[in-house]
Structures are given as C-alpha cells and as structure tokens.
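Copied over from TrEMBL:
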TRANSMEM  7-31  transmembrane segment
TRANSMEM  43-68  transmembrane segment
TRANSMEM  343-363  transmembrane segment
TRANSMEM  375-394  transmembrane segment
TRANSMEM  415-433  transmembrane segment
TRANSMEM  453-471  transmembrane segment
TRANSMEM  478-498  transmembrane segment
Amino acid sequence: MRKAPISGLMVVLVILLFIALAVYVTVRGYFLVVSDYPLVERIYGFVFFAAELFVLLHGFGYFTNVLALSIKPYRNQQAASQEQPTVAILIPARHEPKEVLEETLLACRNLGYPNKTIYILDDSSILSYKDEARELASRFNVELFSRNGNRGAKAGMLNDALVHINAKYIAVFDADQNPMPGFLQKIVPVLEADSRLALVQTPQFYTNTAESRVAWSSNIQQAVFYEYISEGKSVKNAMFCCGTNFVMRKDALDSVGGFEEGSVTEDVATTLKLHMAGWKSLYYEYAYVFGMAPENLGSYFMQQNRWAMGSAQLFRKAAGLFLRRQGSLSPLQWFEYFLSGSYYFIGWAYLILLSAPISYILFDTPSYFMDPSVFMLTFIPYFILSVLLFYSGLEMRHFSPFNLIKGQMLAMISIPVYMRAVVQGVLNISVPFQVTPKNGAGALSYTQLVPQLMLWVLHLASLCWGLLRIYYEGDISLFINVFWIGYHLFLFSGLFYFNEE
C-alpha cells in the first residue's frame, strides 16, 4: 500500500503520549497504594489496575513502532540477482473447495519464475476431496503429495513433504491465497543477498471483502497488523512467519528440526526456533498475494480461536525459554514475542475493564481510588493523544476512522472467543486443527451467541440505570462511568451489524 509521508509532528505527539502515559500510571498507582478502602474493594482495584496496565503495555508497544517508523520510515530491502535457485511452492490443502484450490494453482503456475516446482500437499480424509486434488494435479501438471493419517496437522504435512524436497527455498501459500506473477522474482533475490536470512514474510490482503461485513472488517484488522506492527517487528528482527505468503530458506528450517508441530500456530513457534538459532527474518511490505477472508461470524470466530490458542501456546513456551535461555534473543526480540504471545489475553483484560463501570453503577464499587477531577486531568490527555495518534497514523496510510471502528467492533464481540482459546492454549488442551471455512456468509443463530448477548444486555441495563442515577444524583463519577458503558454498548452492538445473512 502506498504510504503518505509522516511529518515530524507525529514524533512530537508520540513523545507527548509517552509522557502522559507515565504521568497517568504513576498517579493511578499512587492513589491505589495509599487508599484506605475495604480490603475486597482494594483487591478488585489492584486486579483492575493490572488489567489496565496490560492493555496500556500493548498500546505502548504499538506506539513505540509508530515512533521508530516516524523517525526512520520503513523501506523494503532491494536486491538484484542473476541467480534463480530452486523454489518449491507448497500448497497445503485439507477439504478445500475445488474452485478455491484451482484458482491458487493457476496463480502459482503464472508465477514468472522458471526454476520452480509446485506441490499440492493434500491432507484430506474424505475421498471426494482426494479425487479432486488428484484431478487438479494432473490437469495443472504439478506434484501431488499425500500421506496416511493427520499427524501434526498442517505442520506435520509440511514436514513430511519436505523430506522428499531438495529445493533451496520453499514458498508456502494456503489453498485460498493467490500470488501475483512477480512474487518470487522480488522475494528470492532478497534471500540470496543475505545468507543468514531465513524468512521473508509478505502481507496478506483479502479479495472477497465485498461479500460481507465480516470479510470487510477482518481485512481492516489484517491491514492494521501488516502496517506499523509488522514493520516494527521487522526492524527489531522479530517478524514472525504468518503461515502463508512467505518464502523460507530450507537449510535454515532443517537446522531447527522443521516446522513446530506442537502448536496450532506452527508458523510463529517455528520462527521463534529460527530466531533462537541465530537466523534472521524480514517483512517485505508489498501486497503480492491476495486471499479470502472469513465471510460470517462462525468462520471468523473459528479463525480467531485458532490464532488465540496458538498465541497462548507460544506465550507459555516463550516464557519457559526466557527463564532458561535469556541470552538467545535480544531484549527487543523478547519484548515483541511477549506482545505477540500475550495479545489474545486481552479478552480477559477487557472483561475486567468492562466490569468496572458496571460495578460502580450497580453496586457503587470503585475501581479508581482518586477524585474524579484528578482522574480526568491525568487520563484525558493520554486518551486524546492515543486516539488521535492511532486514527491519524493509519489515516496517513489511507485507512478511514470509520472502517477502523468497525474492526474494533469485530474484536469486541470476539472477547468470549479469546477468553476460551487462551485457557485452552495455556493449559495445552488438545483440540482438532480447524481450517477456516470458505464460501458462505450465513448468519449464526443467536443461541450460539449467548455470551455476547449477555454482555450486550448487561451493558444496556447498566446504561439505563446509570442515566436514571445521573438524573437524580448528578455526580460526576456517574457521568464518567456511564460514558464508558455507552461506548462499550456501542461496540457490542456490532454483534447485530455483523451477524448478517
């Protein structure tokens, strides 16, 4: 995506944001420590503050990337090479619709790179899908690899196939991802220029955004990740593999024992092994591959559940490795892996934060042990700066605030999904690998959305009661808490916006 130049004003605003954040956290912590509220309320206050710090830390991580990239804008590494080493193009497929796989094969055949071999890695267990994969392999004259059983899911399939492949590089595309003709011609020379570069990851954007509101907004979420976040990770040599649309050096992969099979997000776990072994990774910021977004809430929740569970598994693993082998990664790399692995814990953090204004309105339970005027004086500067920087920074990259808000609404109604998934990931509860369904945008029954509906009803009832209390009491604390309840209710109302036919 073409970027607008970032002015020096952005640097000044980010620095002011960090100052405002430091002031707010210091004042919040001080009043919490010196408060003389009852023990139960103080415990709740500390839990709330911990959840708040977690969210603020992730915001801090995001804005450090904004600051770094404002000072030194990200530039793709350019390389020219006359060499055209062998590349194996791997397309893992399990129960994929024939027409979806057919489009990907056609796109891979059209790659303008002569020294390539295309492989369909068919892991289907249903005979009709196996027959379709065999027919497509014959028609497109590509290699077909299949196996008995489903050990290790996608990672196991890749590892089993790689035993029989001798290419210098592997390019992996999910069955619904269509690369542009110049993909390998741009990426392979970058790898050739640096013998310690193991991975080049490219962004993923969706082509079916017009099919549904879910598809459109999930594309916005992807775009946010592939802008400041991925660029910032790449600068710190902490960019991880995203499972598709990447090229990897096979020798590097072999040196760490292949893809990690103990995680449902084998891509990130494998990158951690590569980084700890001294290999480098890179993000190439150019949209060379286009795929399919989930088209309804059921598909979207399935995708988010897999990602959240895998991230929690990564967090558990990275925490253990940090305690045993701190020197294997730089502090900045560890920080980025902490942010990546812990991100989906935000479901639990948000639930705690959501409970605070509701508890105050319904039960007069305080979460901020400070005068409302002090809270507003310290919090509002940080709040205004963070909102201004987030939306204006992405607007410079041609994302409208309206669409970004829809992405936030989609994330908010995913809170119950995140909560369940991270528990499964941390406790290492085994669940079958699930492929995100393609085609179809049917609405879910609201009986399948009970947790989201309960949160929506609770916020609506609290808003009504809060407005009634404001009418009779007029206290400023009520205004503050009712504002947050109304804002959260607005985001949760996205449930009805997205659950469409």
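Including glycine, each Cβ sits where the backbone N, Cα and C put it.
Where the transmembrane segment (375-394) meets the stretches 43-68, 343-363, 453-471, 478-498, the count of C-beta pairs under 8 angstroms peaks at 43-68. Most Cβ pairs under 8 A with the transmembrane segment (453-471) among the ranges 7-31, 43-68, 343-363, 415-433 are made by 343-363.
Among residues of the same chain six or more beyond the transmembrane segment (343-363), those with a C-beta under 8 A of the stretch's C-beta atoms are 44, 47-48, 51-52, 54-55, 58, 307-308, 311-312, 315, 412, 414-419, 421-422, 455, 458-459, 462, 465-466, 469, 477-478, 480-482, 484-485, 488.
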